[in-house]
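Data first, discussion second: the structure below is written as structure tokens.
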């Protein structure tokens, strides 16, 4: 039985607070917001509940909606991730408790085709364990429940309902209540008890209160729809649509004061409950073992083998030393320009841009600037950095192309600025087109696409030309001259042939990241919060070292076999890690997710291909420059006639 992961093309609810600040000016998402208190006469301290849709959303559930409130503003990162926040009718005032307030009633009449379709879609969501996700004051409203070993897990979401199968087996959330026992029946969670905990500033000399926790408990209640009391048996929705179905949605709110929890540590109760830390440390230790092994191999080659080779080759009195076979024999061909040098230089320029962008983004995330509290900041930062880093992309691509002896500088600059971003944008646009056709609220508005194009062509492309202008001024000087006639490459063994070497080269780097990859994919596709940026940055450093050392090792072995075609092979050796990433993505799709429909399947693999392409350029660039440094280093210290 497949594990139920909360992936869906479903519409989720969100709570977003809009309290008037009672103290001073703050940066939104980074500084505390003071809620109004009872002494603030006339202040309208209103909470708005909003709606977001997942990136893979293809349709919208028939839940209570509010058309009066305007949608709050969203940053670029939220829009690109499909976190569209819309208004909803859940409203209440600060520090005013109430019980069983009616939201709306949804009625589905037997025989009405439209009602039947809506109810069937709701049942599908309950069967696949789709989730509501709410936020208040930029913080998720969590459902906390006890798990094994006496620990408590706080899930930033709660299911829309659950199912008891025909054989009486309670699935997913139906196990929490013994009353959910009727066979072949759905139970919809139509009531929530919301508890908001705040930190009062009265004892500390500042006015108002700050939210430090927001939890809820979902319930299924079939109550009187005229005068609801929120008491009664569970709300049953039979599998077979034999009679009219009417669902009343209600909620209760209670406030509690807890001055022991500071605003700065209000995320702790969520993060502590996530049992990922031990697994992360296991992953780090596993990766460090691989790094130490590779480092030992490289050190042995550099300090022993290469040192002896160079000392022997540089001994003038040994005439036969010059006749030795090995990497020294190909010194006159090792810097021969590669085939398709234009394409290689373009890939390396884009890879440099992605590498710098990733490094700066993760570094800022480690410092806390891109924390989960600042919604959409991670994607916004990455996009802005990518746009501003057009100059190093143009410089690297142009200088390498000049080194390869290329003369079509205009074509090189245009391909650097347009090829890879164009492929990503075309893929992204096609995926967005599917969301438009399916009517998903996760679809990116046309205006946002125009804004992205404006950033691309208005800022990134000109900066690429600026970098290329300086890059074309001077080629990289090689330590040895290249012969006019290419040297014949001897017959290679199976392990020194290009394809086996490339396939083997990506295994070790992927082994360093695959555990971290599980949490990243969960964060993207299962709407789970990702906060372990320290671990991610450490894995990033390990990945850079592993790609570099694995490529250097294989490059040395190939040069010793007198195969001097190392340019493309160094790029593809570490870049092949992206192929393993794609294979893992396919495995994750079939083993961890339950996606229904062709549209959502296409969306998943479409977005996965974007990640694979970016990762291919990123890892390939790391391997190439490591190998480039290694080859230049060893051939610059030998004497050549």
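Our numbering is plain: 1 for the first residue shown, then up by one each step along the chain.
Cβ atoms are placed via backbone N, Cα and C, with glycine included.
Remember, TrEMBL labels are computer predictions, not curated facts.
Within the set 281-303, 304-326, the record from TrEMBL flags 281-303 under the feature transmembrane segment. Your range for transmembrane segment, going by TrEMBL and the list 449-472, 473-496, is 449-472. Within the listed segments 246-271, 376-401, TrEMBL records transmembrane segment for the stretch 376-401.
Scored by C-beta pairs under 8 angstroms, the transmembrane segment (571-590) has its highest count with 502-525, from the stretches 413-437, 449-472, 502-525.
Counting Cβ pairs closer than 8 Å and at least 6 residues apart in sequence, the transmembrane segment (346-370) and the transmembrane segment (376-401) reach three or more and so form a contact. Contact counts against the transmembrane segment (376-401), taken as Cβ pairs under 8 Å, peak for 449-472 among the stretches 281-303, 413-437, 449-472, 502-525, 531-559.
Counting residues 6+ beyond its ends, the transmembrane segment (602-631) has Cβ neighbours under 8 Å at 9, 55-56, 58, 334-335, 347-348, 350-352, 354-355, 358, 420, 423-424, 427-428, 430-431, 434-435, 505-506, 509, 525, 543-544, 547-552, 555-556, 559, 566-567, 570-575, 577-579, 581-582, 585, 589, 593, 595 in the same chain.
Among the stretches 281-303, 413-437, 449-472, 502-525, the one making the largest number of Cβ pairs under 8 Å with the transmembrane segment (531-559) is 281-303. Same-chain neighbours of the transmembrane segment (281-303): 508, 511-513, 515-516, 535, 538-539, 542, 545-546, 549-550, 552-553, 556, counting only residues six or more beyond its ends whose CB sits under 8 Å from a CB of the stretch.
Beyond the transmembrane segment (449-472), the same-chain residues lying 6 or more positions past its ends with a Cβ under 8 Å from any Cβ of the stretch are 76, 349, 383, 386-399, 401-402, 409, 412-413, 416-418, 421, 425, 429, 432.
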